[in-house]
Ligand SMILES: Cc1cc2nc3c(=O)[nH]c(=O)nc-3n(C[C@H](O)[C@H](O)[C@H](O)COP(=O)(O)O)c2cc1C
Ligand SMILES: CC(C)CC(=O)C(=O)O
């Protein structure tokens, strides 16, 4: 078993079944969920020999913020289903690892409380049916110290997950952690009429740079940047939205080519090892985001588990960089990828 599979099994053992299934599952027949992992494996590396790799530095910057490695925490809903300290533990584990947390609109902990214990963080924005709710959330996030917004563009409707058999109950207090005054729950659902115009709207009302998450096409990435985005996150939502969508490793080169350096490109979906991190960087990503592994760390060991998952990925990244002949993140360049 891979280290990731071992961790996933440990999380399965401690989590209630409906929670594990909600976290682990993908939409439809889980084709894209499976394709994400396979597509990283298909990227072969061309290691360089006889380079001085006695000191490997994995640190880098993301939108100007220094992080200890190009590995960030993806936005995920309802961390309190995994651990009673929820997002507080995730934020603590993330910052002690020197990483950066992207806090979900569906955080089950108050934004301001997470901000107090967090290192650098970004806020993931869902545009909700009641836009005044979104405006309020985004302005609260900016006031609490978020350094960027991540607008998720791939969720006009929530993907149907077969593993989610309707037995998952989200406690009201978790759902409403940031929506105290809400009376009509449907107003808090994702809006299905979000467009490129909302990039400018979010930028203006927050004063923050905006990344668009869920981009899988070069033309879309260009439109995002033209509309004012500072970059994009290449993502298929961990195989949880359109099943059959292209794997993120397959979509990444097209997006990198289309932007030609006009924005920072991030990627997530199935990144499980230092190999995958190096592959993503060599294909042009600034950094990766990891999702489920962080939830498994949180479920099994709280903040310490989150820190462990991230530091193990960082150490593995350093090891893979050394064996590939790259002493710095800048040296993880496109020529490290083998093309037949
Ligand atoms: C349980 C769960 C909840 C998620 N919630 C959100 C969310 O609230 N907002 C969002 O933009 N993406 C959400 N995502 C998608 C992640 O941000 C990310 O794209 C994906 O999990 C990365 O793939 P990985 O889990 O294979 O690493 C969620 C993913 C999972 C597994
Ligand atoms: C509430 C959901 C829309 C959160 C999500 O993005 C997911 O579960 O994938």
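Note that Cβ sites are derived from N, Cα and C of the backbone, with glycine treated the same way.
Automatic, uncurated: that is what TrEMBL annotation is.
The annotation active site, proton acceptor is assigned in TrEMBL to 237. Under the three-state DSSP scheme, residue 237 (active site, proton acceptor) falls in the coil class.
The 10 Å shell around the Cβ of residue 237 (active site, proton acceptor) contains 26 further Cβ atoms across the protein chains shown. Here TrEMBL flags 22, 126, 237, 240 as glyoxylate binding site.
Under the heading FMN binding site, TrEMBL lists 75-77, 104, 124, 152, 213, 235, 268-272, 291-292. Taking a C-beta cut-off of under 8 angstroms and a sequence separation of 6 or more, residue 75 (FMN binding site) has the following same-chain neighbours: 102, 103, 104, 105, 124, 150, 152, 213.
Across the domain 'FMN hydroxy acid dehydrogenase' (1-340), the model assigns an average pLDDT of 97. Residues or ranges marked as domain 'FMN hydroxy acid dehydrogenase' by TrEMBL: 1-340.
Residue 240 (glyoxylate binding site) sits 17 Å from residue 272 (FMN binding site), taking the Cα positions as reference.
When other Cβ atoms within 10 Å of the Cβ of residue 213 (FMN binding site) are tallied across all protein chains shown, the result is 25.
Among the residues the record lists as binding glyoxylate, namely 22, 126, 237, 240, the two farthest apart have Cα atoms separated by 19 Å. The binding-site residues near ligand 2, defined by a Cβ under 6 Å from one of its atoms, are 77, 240, chosen from 22, 77, 124, 240, 270, 292. Annotated pair residue 126 (glyoxylate binding site) and residue 292 (FMN binding site), C-alpha to C-alpha distance, rounded: 19 Å. Each residue contributes its Cα atom, and for residue 292 (FMN binding site) and residue 237 (active site, proton acceptor) those atoms are 11 Å apart.
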